[in-house]
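Colleague: Structure provided below as C-alpha cells; questions to follow.
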Amino acid sequence: MQSPSQPSSGSYLFFCGLSAVLLYGISGGIRSDIGILLEPLREATGLSYGGLSFAIAILQLSFGFSQPFWGLLAARRSHRFVLLSGVGLFLLGLLGLSLVHSLLGLVLTLGLCLGCGAGAISFGLLLEAVIFAVGPQKGALVSGFINAAAGLGSTFFSPLLSWLSLIGGIPAVSIVLSLIMVGTLPFLFYLTRPPKNAVHQEKGPISEASFSTLLLGALKRPEFRYLLGAFMTCGFHMALIEAHLFSQLLSYGLQRPHAAHAFAAYGLSTVIGALISGFLSVHISKSRLLAIYYGFRAGLIVTVLFFLPKTFLSALFFCVGLGLFGGATVTPTSGIVTEHFPLAQSASLVGLLFLGHQLGAFLSAFWGGMTVAATGSYQSIWGIDSVLCLLASYLSAKILPHQQKNTGSGHKA
C-alpha cells in the first residue's frame, strides 16, 4: 500500500474530504436509518418484530466484525479495492432486499451484505484513505467532517426512507438507494487515485498471525481496554436508536411524518455534535470529553423516558439530545487511538473498537427486539442502557492523556 503523501493543494484536500464525506454520509446514513424500514419490512415479509430485529442485529454484528478485516485488506491491497467491495456488497443487499420473504433471505441481504458493505465504507477506512492522500495533519482536519457526515446522511435519508416506503414500499426503497450508491463511484475513484508523491510499498498476504498479534498487543494496553469497554456500551446505546427509536416514537402515538421529522432532527444534531466534538478534541482532554458525553447520555435517558410526558416536543428534545452526544464519541475515541498507536495500525485498531461497538449493538438490537415483543415496552432496555452509559463514563475517565502517561513513565524511570 502507499505511505502517507506529502502536503497537497487546497483544492485536492477539499475534493478528497468531500468524497470521503459523501461516501460516509450515504453509507452511515442508510445504516443509521435502517430502523425506519422495520414496519415496511414486516408488511412485505410477514416476519415478526423479533425476527426483523434479529436481522438488524446481524447487520450490526457483521458491520463490526468485518471492519478489522477490511482494514488489514486495505493495508495489503488498496483502499480502492476495499471501498469498491463495499459498494458492491451494498448494491447486492439493497437489490436483494425487495426479493426476499424469509428470515434467512433477510439475514443474507440486510444482515450480511449491507453490514459488511457498510464495514468497508466505514469511518476508520475512509479517514485512513484521506490521510494517505493528503497527509496526517490535513487528514486530522477532515476527520470531524467525515464523522459528522453520517448524521447529515441520517438527516437526509430519514424523511426519504419514510416517504419512499409510503409510496412504493421496499421495492422503491431498494431502487432509489441503489442508484444513490452507484452515484458514489466517481467520488470513490477520486479519493483513492494514487497521489503523485506517494511512496509505494510491497504488498503481502493477510495472515491470521498479523491480526492476532495486533489484537493481543492492543489488549495489553489499559487505554485500549478502557476504550473497548466504553465503546461496547456505546454500540449498545446507538443500536437502540438506530433499530428501535423510530418504532418507539410511533408507539407513543406520533404520526409517521412527525416521527420522521424527530428522527431527522436526531441526524442533524449528530452533525452539530460531531463538529463541536472535533473542535473540543483539539483543546480538551479526549478522555475527559468521553466521560462527559457518556454521563450526559445516562442523565438524558432517565430524565426523558422516566419523567417527561410522551409528546412530540419531548420526543424532539430526546432526539436532539441523543444526536448531540451520539456521534460525538467517535472523534475523541479515534484520536486516543492515533495518539497511543502507530498510524499504520490505526484503521485496524479503530476497526477492532468498532467490532466491540457492534457486539454491543448486536445485543441491543436483538435483545431490545425480544424485550419489546415480550413486554410491549421499551423502558427496561433503556434503563439498562443508562447504567451502561455510566459505566462507560467511568472507564473513559480512567484513560490517561498520552503526554501525561509519557511524563509519568519518565518520572518512574
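Using the three backbone atoms N, Cα and C, a Cβ is placed for every residue, glycine included.
Bear in mind that TrEMBL entries carry predicted annotations, made automatically and left uncurated.
When I checked TrEMBL for this same protein, it listed these features:
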DOMAIN    13-404  domain 'Major facilitator superfamily (MFS) profile'
TRANSMEM  12-30  transmembrane segment
TRANSMEM  50-74  transmembrane segment
TRANSMEM  81-100  transmembrane segment
TRANSMEM  106-127  transmembrane segment
TRANSMEM  139-157  transmembrane segment
TRANSMEM  163-191  transmembrane segment
TRANSMEM  226-247  transmembrane segment
TRANSMEM  259-282  transmembrane segment
TRANSMEM  289-309  transmembrane segment
TRANSMEM  315-337  transmembrane segment
TRANSMEM  349-368  transmembrane segment
TRANSMEM  380-397  transmembrane segment
Colleague: Honestly, do the transmembrane segment (12-30) and the transmembrane segment (163-191) touch, with at least three Cβ pairs under 8 Å and pairs 6 or more apart in sequence?
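Modeller: Answer yes: the transmembrane segment (12-30) meets the transmembrane segment (163-191) with 3 or more Cβ pairs below 8 Å.
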Colleague: Using a Cβ cut-off of under 8 Å, list the residues of the same chain at least 6 residues beyond the transmembrane segment (289-309) that approach it.
Modeller: 230, 233-234, 237, 277, 280-281, 317-318, 321-322, 325, 328-329, 332-333, 378-379, 382-383, 385-387, 389-390, 392-394, 396-397, 399
Colleague: Would the transmembrane segment (50-74) count as touching the transmembrane segment (106-127), i.e. at least 3 C-beta pairs under 8 angstroms with sequence separation of 6+?
Modeller: yes
Colleague: Count, for each of 50-74, 139-157, 226-247, 315-337, 380-397, the Cβ pairs lying under 8 Å from the transmembrane segment (259-282), and report the range with the highest count.
Modeller: 315-337
Colleague: Please work out which recorded stretch in 50-74, 81-100, 139-157, 163-191, 349-368 has the most C-beta pairs separated by under 8 angstroms from the transmembrane segment (226-247)?
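Modeller: Against the transmembrane segment (226-247), the leading stretch is 349-368.
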Colleague: For the transmembrane segment (163-191), could you work out the same-chain residues 6 or more beyond its ends whose Cβ comes under 8 Å from its Cβ atoms?
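Modeller: Distant Cβ neighbours of the transmembrane segment (163-191) are 15-16, 18-20, 22-23, 26, 30, 36-37, 39-41, 43-44, 79-80, 83-84, 87, 90-91, 94-95, 97-98, 126, 129-130, 133, 256.
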Colleague: Between the transmembrane segment (50-74) and the transmembrane segment (81-100), are there three or more CB pairs that fall under 8 A, provided the residues in each pair are separated by 6 or more in sequence?
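Modeller: Contact criterion met.
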Colleague: Grab the same-chain neighbours of the transmembrane segment (349-368) for me: Cβ-Cβ under 8 Å, and only residues 6 or more beyond its ends, written as numbers and ranges.
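Modeller: For the transmembrane segment (349-368), the nonlocal Cβ contacts are 53-54, 56-65, 67-71, 119, 122-125, 127, 214-215, 218, 224, 227-229, 231-240, 242-244, 333-334, 337, 341, 378, 381, 385.
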